[in-house]
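Per Swiss-Prot, domain 'F-box' is recorded for 54-101, and the stated evidence type is sequence analysis. Swiss-Prot lists K298 with the feature N6-acetyllysine, giving similarity to another entry as the kind of evidence. Under the heading repeat 'WD 1', Swiss-Prot lists 146-183. Residues or ranges marked as repeat 'WD 2' by Swiss-Prot: 185-221. Positions annotated as repeat 'WD 3' by Swiss-Prot: 224-265. The feature repeat 'WD 4' is assigned by Swiss-Prot to 276-314.
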Amino acid sequence: MERKDFETWLDNISVTFLSLTDLQKNETLDHLISLSGAVQLRHLSNNLETLLKRDFLKLLPLELSFYLLKWLDPQTLLTCCLVSKQWNKVISACTEVWQTACKSLGWQIDDSVQDALHWKKVYLKAILRMKQLEDHEAFETSSLIGHSARVYALYYKDGLLCTGSDDLSAKLWDVSTGQCVYGIQTHTCAAVKFDEQKLVTGSFDNTVACWEWSSGARTQHFRGHTGAVFSVDYNDELDILVSGSADFTVKVWALSAGTCLNTLTGHTEWVTKVVLQKCKVKSLLHSPGDYILLSADKYEIKIWPIGREINCKCLKTLSVSEDRSICLQPRLHFDGKYIVCSSALGLYQWDFASYDILRVIKTPEIANLALLGFGDIFALLFDNRYLYILDLRTESLISRWPLPEYRKSKRGSSFLAGEASWLNGLDGHNDTGLVFATSMPDHSIHLVLWKEHG
């Protein structure tokens with residue numbers, strides 16, 4: 001049949017076919033199929049798949065495809081990547097879905113990076129790290145050996161760990177190598193804090209001292225407490241040192257001169273923690289940039305003015321029970337915006353702007369967890385047997401790590417958290433270095449460290 005005659009015939013057949021009922025159309029198709037050979041059936045098979053199984057992700061505009069993909073959970077997205085090369089190409093090009101997937105795991109996101117493939121790789125790395133946390137495979141342990149008596153004072157900063165001991169020495173360790181950088185003779189150490197040049201120690205001999213790392217010389221001696229000094233903090237900009245003692249007082253000292261500027265009274269228990277920190281919010285009593293002095297005992301947290309006024313009054317007292325029936329666990333977190341402390345009732349978070357309790361986080365499956373670190377996404381907690389990671393968004397424990405029988409100080413001075421930036425969200429780079437350190441009965445230091453990505 002000539003092409004022109006065929007086209008005329010096909011037009012007539014089409015008009016007739018359209019006039020048939022659905023049943024008649026089906027019978028016509030069945031008859032035509034029965035008359036078809038292999039070439040026609042193959043052609044029919046290829047075209048039917050395209051007509052009946054339309055690839056909407058391929059046919060839709062890219063903007064609409066991205067919009068639909070945003071409704072899928074990350075695991076489904078990964079499954080969809082296996083459907084075809086085209087699906088993998090489209091899904092792997094959607095920056096927003098992979099950034100959202102990373103955020104769902106508590107990952108920090110730099111929105112300025114718009115490379116979708118980069119974020120997909122970050123997500124795959126993230127789920128591997130989260131799986132390691134769930135399977136107790138994210139950490140490894142190490143020990144520091146060098147002291148000959150109990151170690152009751154620890155302080156960590158920028159990869160360096162300072163340990164103060166009853167053997168009348170303080171040592172500075174490089175955590176990454178396990179090597180002792182400095183070792184100097186001191187008094188007994190109940191609290192330590194250091195920087196590149198100096199070490200400040202609070203002692204069971206009721207004094208505070210300042211030492212020079214390079215020479216080991218004592219450059220200042222602060223006398224005035226009548227009980228052991230359990231906590232120290234200082235600020236070079238203010239030229240102020242503060243100390244908390246078993247004599248129930250907080251003392252404010254001139255760091256360079258060594259003179260006592262003020263004695264703050266009001267505590268009725270050992271003062272186990274003092275903190276000097278800049279305020280980051282406008283509060284009822286402070287403005288952003290103001291320095292804040294906090295002190296804590298086993299029942300109360302007190303907020304003080306920093307000044308030289310004699311007999312100055314406490315600005316605010318925080319507690320979890322008015323009748324003192326509930327004790328606060330040692331360790332206090334204050335980042336300028338929130339105050340966080342643990343108790344038998346749970347983890348208490350106060351808003352520093354209003355001093356109101358924002359929330360109480362309870363872990364009913366495990367009671368009496370002590371606080372080590374607190375961030376935007378995660379909190380680090382522990383008890384006598386395990387180290388725990390708490391997801392603050394869901395208030396659920398997502399990981400635990402076994403601990404040996406360590407020496408646990410009631411004041412909280414013999415254990416600490418290491419690097420803290422990951423508590424605000426992992427980013428693929430900040431899950432390195434020290435996680436936790438504690439002193440042991442054999443006078444060594446037990447370290448828990450992030451394991452390198454496998």
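Quick reminder: no glycine exception, Cβ is built from N, Cα and C everywhere.
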When the pLDDT values for the repeat 'WD 3' (224-265) are averaged, what is the result?
96
Among all the protein chains here, how many other CB atoms are within 10 A of the CB of the residue listed as 'N6-acetyllysine'?
19
For K298 (N6-acetyllysine), which of the three DSSP-derived states applies: helix, strand, or coil?
coil
Cβ under 8 Å to the repeat 'WD 1' (146-183), counting only same-chain residues 6 or more beyond its ends: which ones?
189-195, 199, 201-202, 204, 211, 213, 216, 407, 409, 413-418, 433-434, 437-439, 443-445, 447, 449
Per DSSP, what is the residue tally for the repeat 'WD 1' (146-183) in helix, strand and coil?
0 helix, 24 strand, 14 coil
